[in-house]
């Protein structure tokens, strides 16, 4: 049986498993590449002795049930130990666990108590405080802040820069005193105003309207319409285009612009209402034309005037001739 304190395997165990060195290692055990001279026997046992372990479990094999406890729990914690391994592997494992035990001994008792519970489990570390210990130490060594002194106003520190005004000699005023002061001021202003000033037109409230200027909208369109009606009435009188009229004798009749009136315009309505859309422009007798045959009845020329607006470009002036440049054909 291997001793728990030394960690060295016994000769009896090594002789018992000496024939099993050619077996392959288990998948659950892994070694580094540097351990080329090591071999893991198939019957190697891993043993971890914890404070809760029982003394009867050391002699029991892997297939045998553990024996009932026959004594008290060991007082000290025994290190981790593997049985059935080579001396090199056992030495490495012992060195590793010795370093861990040394680090645990060097740790302060308060840290060990907070990091490990009574049953061997790890506890969650305490949350850090709001300020670090270095910061708190620096604040502790710092001198207490002196009380803040309010700043001195500039008019106290430099009174020569300021001018002091006082209202001690001013009497208390009220609404009645303000009203009396205003009326006295207005009375003095009215007395100082000149009386021989002549107001311009429409400024005197007592005027009767003499000399006023009245602005009204011009009625040029209405007057032009009445004038046009009057001219058309004179043209439409009987006997205007007879033989006694010199204008008719020359073959020239009155020129009317009724065809330029737009639809719905007042001129078109007046033209249609008075003449019914049919206007006699000129009445010429047969003797006026040079090629007329005597004895024929006189011919009357009738012009039809519509209310549709036409462009002036389609009409030729009487003074222009087809031979003139720019004349329309």
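Glycine is treated like the rest: Cβ placed from N, Cα and C.
Not measured: the values here are computed from a predicted model.
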Candidate set 86, 117, 199, annotation phosphoserine, source Swiss-Prot, matching residue:
86
If I look at Swiss-Prot, which residue among 50, 132 would I find recorded as phosphoserine?
132
Which residue, chosen from 10, 143, is annotated phosphoserine in Swiss-Prot?
143
Between residue 146 (phosphoserine) and residue 86 (phosphoserine), how many Å separate their Cα atoms?
73
DSSP three-state assignment (helix, strand or coil) for residue 86 (phosphoserine):
coil
Cα-to-Cα gap, residue 86 (phosphoserine) vs residue 217 (N6-acetyllysine), nearest whole Å:
130
How many of the residues that make up the region 'Hom3' (150-186) does DSSP mark as helix, as strand and as coil?
19 helix, 0 strand, 18 coil
Let me check the 10 A CB neighbour count of residue 217 (N6-acetyllysine). How many other CB atoms are there?
5
Starting from the Cβ of residue 146 (phosphoserine), draw a 10 Å sphere and report how many other Cβ atoms land inside it.
6
Among all the protein chains here, how many other CB atoms are within 10 A of the CB of residue 86 (phosphoserine)?
18
